[in-house]
Amino acid sequence: MLVPLAKLSCPAYQCFHALKIKKNYLPLCATRWSSTSTVPRITTHYTIYPRDKDKRWEGVNMERFAEGADVVIVGAGPAGLSAAVRLKQLAAAHEKDIRVCLVEKAAQIGAHTLSGACLDPGAFKELFPDWKEKGAPLNTPVTEDRFGILTEKYRIPVPILPGLPMNNHGNYIVRLGHLVSWMGEQAEALGVEVYPGYAAAEVLFHDDGSVKGIATNDVGIQKDGAPKATFERGLELHAKVTIFAEGCHGHLAKQLYKKFDLRANCEPQTYGIGLKELWVIDEKNWKPGRVDHTVGWPLDRHTYGGSFLYHLNEGEPLVALGLVVGLDYQNPYLSPFREFQRWKHHPSIRPTLEGGKRIAYGARALNEGGFQSIPKLTFPGGLLIGCSPGFMNVPKIKGTHTAMKSGILAAESIFNQLTSENLQSKTMGLHVTEYEDNLKNSWVWKELYSVRNIRPSCHGVLGVYGGMIYTGIFYWILRGMEPWTLKHKGSDFERLKPAKDCTPIEYPKPDGQISFDLLSSVALSGTNHEHDQPAHLTLRDDSIPVNRNLSIYDGPEQRFCPAGVYEFVPVEQGDGFRLQINAQNCVHCKTCDIKDPSQNINWVVPEGGGGPAYNGM
């Protein structure tokens, strides 16, 4: 059940918006209106308030059942499933018995998967050379490839020359959730133990500091943090090697970065938020196999982003469309969701949708840092693959093929080490250094290196258009071999400017036909969580959202969240506001954890199975 967004009925708040008080006065007003003698408790999660200090937990049995495996994989996306499949393929070919366990927080494989998606099939075909015979859902080869620059009223076509990264010749338009579901079936047929609905909540360590495995999350905890009568401790899964394939900005990967200092020699990751819808359209507007990409309006030149519109051949006139907004944007008044809704009204987009019906909505963060932001990938007992470390080719607008290849290479490296007659390890958890070496010698590394300067080239005075000029000159001539590497501008959360330095953005109201409100959109994601559990959007300090984020940045979390999770509502007594977290609405996009200017929000897993229920997104 979704939580409806509260109506901000506070007279002071309404007065501010009605009179459009000058932006220079906002921090002063916000601080005064937010003044309150006590800060209401928001966070009740045990990661913030440890249970060993809570009397309500005295006498509760906290023992966990443990299982052992050779390899444990966290996350059933393209990378995790590729690793699982390749491991079992190798085990069968060499008649080896290797136990592979894969845990996935979604209730069904593919239910948390969201992507455009236009697939470069190279790695997929390598993994499944007989994919046609097995009925893989690659139904829509690209037949037409278009790119354009949008102004408010016009579309300026740009030719896609052979060799440029955005060329889609030979690619397929896919519903990635369906493809992942099919891969899950292949993995199980090979003997992989797949456990959907089990969220990996904790990294376990040996006494020597190497990774021992993971623990799934506890269930049966009340919203206030007390144990229910149905409380059950999570399961421990121990392994010789644990593969972390959580996807973009994984919460366990965050811990591993700190534990093993994996980002010591790379730049901070930079991200985008991708918002997507599926529509059934009028058949006369349907062009199966057409791929459309644009940059420009509704975003300004200093806000990185772009759109996609893909015509699928799935037995009905179906299109997938979306907008990606770089999370290094500076204006706290920007709402990626409302920019997406506005984009659909462009004269080159709206005619495709008129007379159609929207059937699905979702959102997910994606990595945009590229080559410069790749961390160290291996550590004692584990390794990172896929979108967790970030192998997306940004100008190509693709990361599934590189994620799959990283999973394949990880599996081959692990298999070699597990089956080596001279297996030796300085730590209890195996350190598979061969994986990183093999990746650096693969086409993945070469591909990402060749486009390393395109995303940071958009930070110049010309913004996105400067990046296009750079691509046209240097990539076209030098193919990424220029003797320099551009840098990013720091972490995304650092880029946000105070509200007083920015202009509020006036968004048009949704018309209910082409554009829609937030709550009706989230309803189409199938999102659901157990209501009586602690919010998994935790705050390190409950006072910061009002005292800092609202005061200085006008509460950007109420805009950057694409699911209406965060609201500033009037306090029940006295003047001021408090932050309300509608955790049930969360679509697990991770944007809040990334963009919060105070880095106060920490996303952790809810009870397993909760979250969106995407169907082929």
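Keep in mind that glycine also has a Cβ here, set from the backbone N, Cα and C atoms.
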CYS586, CYS589, CYS592 bind [4Fe-4S] cluster per Swiss-Prot; candidate in CYS502, CYS561 listed for that same site: CYS561
Swiss-Prot annotation of intramembrane segment - which of the ranges 268-287, 348-367, 368-387, 428-447 it falls on: 428-447
Intramembrane segment per Swiss-Prot - which of 109-130, 153-174, 241-262: 109-130
Chain residues outside the intramembrane segment (428-447) and at least six past its termini with a C-beta under 8 angstroms from it: 206-208, 210-212, 240-242, 376-383, 391, 393, 402, 405-406, 409-410, 412-414, 416-418
Using Cα positions only, nearest of the binding-site residues to LYS223 (N6-acetyllysine) (VAL71, GLY75, LEU81, GLY306): GLY75
Beyond the flanks of the domain '4Fe-4S ferredoxin-type' (577-606) by 6 or more, those residues with Cβ under 8 Å of it: 1-3, 5-6, 10, 13, 33-34, 36, 40, 42, 45, 47, 105, 112, 199-201, 217, 248-249, 251, 271, 273, 327, 332, 336, 362-365, 492-494, 496, 522, 525, 527-531, 533, 535-542, 544-546, 548-550, 552-553, 555-557, 560-571, 612
Top Cα neighbour of SER551 (phosphoserine) in the set of binding-site residues GLY75, ALA79, ALA83: GLY75
Residues in the domain '4Fe-4S ferredoxin-type' (577-606) grouped by DSSP into helix, strand and remaining coil: 8 helix, 8 strand, 14 coil
Sparsest-packed of the listed binding-site residues (GLY305, GLY306) - C-beta count within 10 angstroms: GLY306
